[in-house]
Amino acid sequence: MSEPSPIADPYAYLNIVNNPDGSITRDLSNFPCTAATPDPSPLNPAVSKDLPVNQLKSTWLRLYLPSSAVNEGNVSSQKLPIVVYYHGGGFILCSVDMQLFHDFCSEVARDLNAIVVSPSYRLAPEHRLPAAYDDGVEALDWIKTSDDEWIKSHADFSNVFLMGTSAGGNLAYNVGLRSVDSVSDLSPLQIRGLILHHPFFGGEERSESEIRLMNDQVCPPIVTDVMWDLSLPVGVDRDHEYSNPTVGDGSEKLEKIGRLRWKVMMIGGEDDPMIDLQKDVAKLMKKKGVEVVEHYTGGHVHGAEIRDPSKRKTLFLSIKNFIFSVL
């Protein structure tokens, strides 16, 4: 039996069913999950473990440390940058322990030689935005106050980067906006930059890339429309600031990001329907005085490096250069 077409039936494509109470039923059979890997092994790019964040919200995180930091009795005192990575899924699907995200974060930890903190967040429509943003900020507080041994021994609190893929890129962007007003409260954590990997943005008016890629088989506009309908606050449209950062000439907080000298890396694929809006957001940030590094790859669909490990090497090299340019 063939896979459902995203164009013909976006709900079937997403494996979700609307319920009368406003929730959705998710069929997660296409999203295999994996356990953390706490024991060092030459086969694992990173060791990892799961830790609770807020038990009342059932939020937690997966912490990754490069295997090189613990293999062969290595007790190096080298402090590593912290990459806070928010997973994708249109705010309605997926989880920290999904195999694709676990493998991606493990390789980020190894290739960037960084501690990766991948927090969970509450999903919509059961918890509409800004719930995910609240949880994303709370994860920063967790890092700041954590007594975890990996954090205490290896984390460089002065070099924190917010990163995310798709909805996670949107989340990293909005957590960054929120954080500009709480720099002193976050101390000793110091955010140095945002790494927005194929960030999930949208607007009411179709962009040229959305029109060109209307029949995209990965993440077409008809599918992202459903995701926004389920995740945005009730009664708003896609020109809300959560989905469309360019509305009203953007947030005034972007200028604060510029003054704080946080750098931003905007990563996109030319075959992603969202590419034009991603470029528009990058242009807006530059206008507001933010230093933006843009990395766009021809032929790449939405989330290409998550889906295809062979595409990660070039991406990780670019991100590594970006981080080194900030340190």
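Glycine too: its Cβ is placed from the backbone N, Cα and C atoms.
It should be emphasised that the depicted structure is a prediction, and the values quoted were computed from it without experimental measurement.
According to DSSP, S166 (active site, nucleophile) is assigned to coil rather than to any helix or strand. According to Swiss-Prot, the feature active site, nucleophile maps to S166.
Counting every protein chain shown, the number of other Cβ atoms lying within 10 Å of the Cβ of D272 (active site) is 25. Swiss-Prot lists D272 (among others) with the feature active site, giving similarity to another entry as the kind of evidence.
The number of other CB atoms found within 10 A of the CB of H302 (active site), across every protein chain shown, is 25. The active site annotation in Swiss-Prot covers H302 (among others).
H302 (active site) sits 5 Å from D272 (active site), taking the CA atoms of both as reference points.
Taking Cβ-Cβ distances under 8 Å and a sequence separation of 6 or more, the neighbours of S166 (active site, nucleophile) in its chain are G88, G89, G90, H197, H198, P199, F200, H302, G303.
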